[in-house]
Amino acid sequence: MDAALGPPEQMAELEEDLTPMMAQYYELCRQYDDALVLFQVGDFYEAFCAAAKRVARLCEITLTQREDSTGEYPMAGIPIDNAESYVETLLDAGYRVAIADQVEDPDEVSGVVERAVTRIVTPGTLTESELLGGADNNYVAALTAGERYGLALLDISTGDCYATSVGSESAVADELSRFGPAEAIVGPDVDVDRDAVFGPACLVTRYDADAFAQDRAEDRVGQYFGPPERLLAGGAEIRACGGLLAYAEYTRGSSGAVGPDGEPVDPDVDPAGTLDYLNHLTRYDPREYMLLDAVAVESLELFKRRSVRGHENRTLVDTVDETACALGRRKLTDWLRRPLLDADRIEARHGAVAELQRDPATREELSALLAEVYDLERLISRVSRGRANARDLRSLAATLSVVPDIRDHLADADARLLADLHATLDPLAETREEIEAAIRPDPPQQVTEGGVIREGYDEELDRLRSTEQSGKEWIDELEASERERTGIDSLKVGHTSVHGYYIEVTNANLDAVPEDYQRRQTLKNSERYYTPALKEREDEILRAESAADDLEYDLFCAVRDEVADEAERVQALADRLARLDVLVSFAEVAAQYDYCRPTVGSDGIDVTAGRHPVVERTEDAFIPNDTHLGSGPVPASRDGSDDGVTADDIQPFLAVVTGPNMSGKSTYMRQVALICLLAQSGSFVPAKAADLPILDRVFTRVGASDDIAGGRSTFMIEMTELATILDAATENSLVLLDEVGRGTSTADGLAIARAVTEYLHDEVGAYTLFATHHHDLTAVAAALSGATNRHFETSREDGDVRFDHELAPGPAAASYGVEVASMAGVPDSVVERSRDLLADAETADTGVEATRETEVASEPRPGTRADSETDSTATETTGPTENGAASAPAGEATSDDHAQEVFQTNGAAAEDELPESVAQQLASLDVATMTPIEAMNALADLQDRIE
């Protein structure tokens, strides 16, 4: 996108010769050089020169030419009445749009009409309902840097404002992934990877340093929200909020605002309205909520589908959304993106949901009443900015009228949250009564053309209307009286906006025209006249109409201002109605889809018959599965103490999950995460029973693709995500790993997978689900005291593989990769050749991985591994054991040489075969202090030396 969108260079050269109107346009383009200026000329918004070419191309409208004393130049115009759709197109193309309106009445100005930029439309500062396109929040973010990053977010359309500070670039990305801002401004001190932090869809602008200056930021925060030192924690947050407010003022055209380049912007008028409704700032600490980083938000498909195929494009928020109003939809999204860590708050939500679930009649009545609630947050935003029309006020009054009924349905509530809502729902009776007394029930869209104020509200307005009406009645009677007086039966009395009232006589009757008729207009077949009496009545009507319209508009504005004074109360009411709507929605989902009330605060994840909330809606027969992780004592290494816990006492907290593709591994792992997330958001969960811990974070390493633009391969992306998990996961985290180690050699992949498994088990102790096709890894799980093997069962019918989607103990006996290839439509010749190669691999060491793998013993480390039951001399078996690896008959090779070396760790036999230097290096490694990456590098070095 060009840095400036103003007129081309020739206009600068001809600046002194420009017409007054084009000089005005050029000056606005220069002042708002970061935006595309749409310049009102009558009923159109025009763009000229280079900007006209862009507008015509993007909006698919005709490019014309304008000619004046300076020559010809391109021009493109869009009708004001349909401007929103064209503005949306320009926004989608990545442009900001500066709206320059006529701020004078052309009929009252002899020279050029004055114009001013009344608002700047950007992706993150939309307030127009037509452009917002839905109930979801539309945030603009501001970021500053220092010892910590300061982050502020604002939805101008609703007034929602948040602020926080974090310590790293990745933490900034995590917080932004929660809110998904459409636009961001950054201070001059911010140096981050834009795509990685903000994402490619976010419009990012480097804003002027003065806007982020500490003193100015403190003044702005204080002006809107109160003393910043009481609201925010540190200068970074204050600077971020100050810069964000400065940008909001700039886009609203506020007097004294500062543009991106630091230059003051001081238009003559402020039609976009004030930001006085911004009166509540929420400062939050990310550590108070379950942390969902950008990877988890994407892979769990909380708010956006990764693929447009399947599942009816449903996300989690779509699936559990039974909210009745826009307020509830936004609040639901907020609760899901910030699951709670406080058990009392979680239980309070569950208690309210339980009471509503038990009472379907109340739930249905509340839902019906909430469906009558308009979007109060956006309504009061428009009211406060002076952009609301009479219909907006009636919508607000209609919402207030249902609040008493909502309160009545909560009068007998026992649940704490419901009782609190009953006590605090404010019906704003005086505000509703004032609106209903002043505004007609079905007012026109425009507030300047009359018909807005009720009769009886204002005596002077009633008098003017009476004068206007009596004058029109006199005119209505004039036609009959003049026909009688003149004897002209075809005589008509009419009105045009240009010539006013007239008496029309056809040419055939001109001889009968009285002397007091004065000619007003000549037509082809008739003449139009007026009389002194008609002119007098017309002037009287026009004076009354004009005075009534002016008075009516003044009265409307006064009512609107009174409502704006109650903005804080309206916003508080909106928040409470939104919370109630979400609780009712949770209860409705629980009742319709058989969700259970979870118990939170347990020592482990214990789910009976759990289901994936999204997938179960799209499949006729979803197979539920149990999950049991870490509900017993933990290994000594998890809490740093040695309390005498033995391997026999440990309930596994790490599960290695095997099974063919399409068997359900990924769905199952995501299902566990979504159940935990829903529970901590306050919802019931899709299961028969659920005892859950309070998770501090959910990590996902599920699927990846190349980042070609960033120069990162799939494997590099996977390792980067893995490093984040190993560095940040705690014993209270849930880790989902799917196929770690792809994109490199089998030996490297197995080595990494094993090292990661051991580190998560020995050092982190996080609740972990590790899906893999590396069946050698099942031997590692069998040897770890806090780990277990689980697999998805398959069966055969008439030689075909059937996926049962049932989770069972032990590892899978085979991968069924060839069968899956056949089901996918791979040519028969390739499938048959694959079967031949696989058969060879099962009978000889050909370097092709077999489908059944040899159990390899691993000597346990004291206090963390099981021992005797995984001895390498165990009885030969051909099927999976309860927790052991699937084993093949003695002597049957099942994996390539490198993979066997990685997993052959049993005692002196292997060590005797190692070169002495390798053995010495191996003995010198301090495994207890090595990081996972250091361990992987050391292992790779040893492999190179052995080879």
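Please read every residue number as a count from 1 along the shown chain.
Even glycines carry a Cβ here, placed using N, Cα and C.
Annotation source Swiss-Prot lists ATP binding site at GLY659, PRO660, ASN661, MET662, SER663, GLY664, LYS665, SER666, citing sequence analysis. Annotation source Swiss-Prot lists region 'Disordered' at 623-643, 841-916.
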* Residue, out of the binding-site residues GLY659, PRO660, GLY664, whose Cβ gathers the largest set of other Cβ atoms within 10 Å -> GLY659
* Within 10 angstroms of the C-beta of SER666 (ATP binding site), what count of other C-beta atoms is obtained when all protein chains are considered? -> 19
* With a radius of 8 angstroms around the mean position of the C-beta atoms of GLY659, PRO660, ASN661, MET662, SER663, GLY664, LYS665, SER666, what other residues of the same chain does the ATP site pick up? -> ALA771, PHE792, PHE803
* Structure fact -> Neighbour count check, CB within 10 A, over binding-site residues ASN661, SER663; minimum at ASN661
* To do: Could you list the residues of the same chain, at least six apart in sequence, whose Cβ is under 8 A from the Cβ of MET662 (ATP binding site)?
  => PHE803, VAL820, MET823
* **Assigned conformation of ASN661 (ATP binding site) - DSSP reduced to three states** => coil
* For LYS665 (ATP binding site), which residues of its chain lie six or more apart in sequence with Cβ-Cβ distance below 8 Å? -> VAL657, THR658, GLY659, ASP738, ALA771, PHE792
* Structure fact -> SER666 (ATP binding site), DSSP three-state class -> helix
